[in-house]
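Visitor: My questions all concern the structure below.
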């Protein structure tokens, strides 16, 4: 409230009109500064004493990444805190040493009754999950609903915030858009909460609410050390799968359903999306069939039925593609071919106009059409052909933006991977963690596997990861634009 009052005081003389440059800067600053304010509960509650770790946790929440530094502290026989040792097996084993972040909760006899994430207070865990729910659609959308009432336009803000190229405008009036968007978002949140509670008596209302916050936002924060795997319930997992898919769909679909324009939802993007999910699930199912799998609770089980293999494979594939980051098994032990597929799916992403990260299905399809168009022009230079998607012409601007986005995400991924390696990470951990951060996925492999936390990162590594998470959430353009010197030059 104090911060808001300060901003209001200095902005009271504003003319109430946002130019394009101001709107881009506003979007970027909101996503950079808001996590700083929201990190205060982690610091004041002594959950995280390192401000950089607190900021990392908050950025991970608002960007719906779901990567966490919360991990239980370890002690020696004398009660002194000791470093955690994380060994990455391989031809040349890599050892990471770091301190835990969360002290255990003990009873009056001194026995540990809760540790790790489960030792954090419910108030902090609720706030942590709420940051993802707010960040799912974008806290900026809430501002768009409020700012117009103050005489400040919001159209430019929306164009910087809604991810990917979209086929239709969600609504002509921004306040109407924000209102409908939040109603749809709230409806699915309540629906999932009720379904989780009714289908599994072991899921408390607190569990159900926080899981729903992190599912629809495709965020992935959990209040359990073993994530969704802690419940060991197939129905719970399928409910989460369903709503991870809902979060991956273009929100324009729900607008069309509300307006009774059902025919508009069956476009090429949604067909490709479900085809990618189906083929990936089938491939992964038969890849882990008849293998031993380690649950996140620690025990090993043999997957000897297609039903169980499909359950575990589908959950992790949808979690990777939707950039949610929930886990039920230690997929770090899965075959390399499935791990590579999961990494690729992180970059592929869900549908445009959804809460998930990655390149997005529609943008990938545009890149495919551009490649197809260029190849055909080599063999048939005399043919004049216009690129179209569902009878709509793909403009040159959209084509260029899609190509630039692809080049940016690959280039930044390569550079960030090299920086993490220079900071001490092994190549596999660096490569996959960059994919986790830049695509806002929340899980990775090796050093940050499904049974690990990000506490092993140095302060530099956490700051770099924060940049990747924010850049990925804003799809690079808004954040990179303000870093270009010419952006700040006055126009005549």
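Using N, Cα and C of the backbone, Cβ positions are placed for all residues, glycine too.
Keep in mind that what you see is a predicted model, and the values were worked out from it rather than measured.
The following feature annotations were taken from TrEMBL:
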TRANSMEM  24-44  transmembrane segment
TRANSMEM  133-152  transmembrane segment
TRANSMEM  180-198  transmembrane segment
TRANSMEM  238-258  transmembrane segment
TRANSMEM  270-289  transmembrane segment
TRANSMEM  340-362  transmembrane segment
TRANSMEM  398-422  transmembrane segment
TRANSMEM  460-484  transmembrane segment
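Give me the local environment of each listed feature.
Guide: Residues 133, 136-137, 141-142, 145, 170-171, 204-205, 207-209, 211-213, 215-216, 236, 239-240, 243, 246, 251, 254-255, 258 of the same chain lie 6 or more positions beyond the ends of the transmembrane segment (180-198) yet place their CB under 8 Å from a CB of it.
Taking Cβ pairs closer than 8 Å, the transmembrane segment (340-362) reaches residues 64-65, 136-137, 162-167, 170, 216-218, 247-252, 269-270, 272-273, 276, 280, 283-284, 316-317, 320-324, 331, 389, 405-406, 409, 431-432, 435-436, 438-441, 445, 472-473 in its own chain, all 6 or more past its ends.
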Visitor: Which residues of the chain, 6 or more past the ends of the transmembrane segment (238-258), have a CB below 8 A from one of its CBs?
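Guide: Distal contacts: 136-137, 166-168, 170-171, 180-181, 184, 188, 192, 195-196, 199, 211-212, 215-218, 228, 264-265, 269-270, 273, 277, 311, 314-315, 318-319, 321-322, 324, 326, 350-356.
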